[in-house]
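Taken verbatim from Swiss-Prot:
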- 3: 4-carboxyglutamate (MOD_RES)
- 4-10: disulfide bond (DISULFID)
- 6: D-tryptophan (MOD_RES)
- 10: cysteine amide (MOD_RES)
């Protein structure tokens, strides 16, 4: 998925 789940805009 995303490599930065702590960034909702990633």
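Any Cβ shown, glycine's included, is placed from N, Cα and C.
Within the same chain, residues at least six positions away from residue 10 (disulfide bond) with a Cβ under 8 Å of its Cβ are 2, 3, 4. The residue listed as 'D-tryptophan': 6 other CB atoms within 10 A of its CB, across all protein chains.
Of all the Cβ atoms in the protein chains shown, 6 others lie within 10 Å of the Cβ of residue 3 (4-carboxyglutamate).
In the three-state DSSP scheme, residue 3 (4-carboxyglutamate) is classed as coil. Other C-beta atoms found within 10 angstroms of the C-beta of residue 4 (disulfide bond) number 9, with every protein chain shown included.
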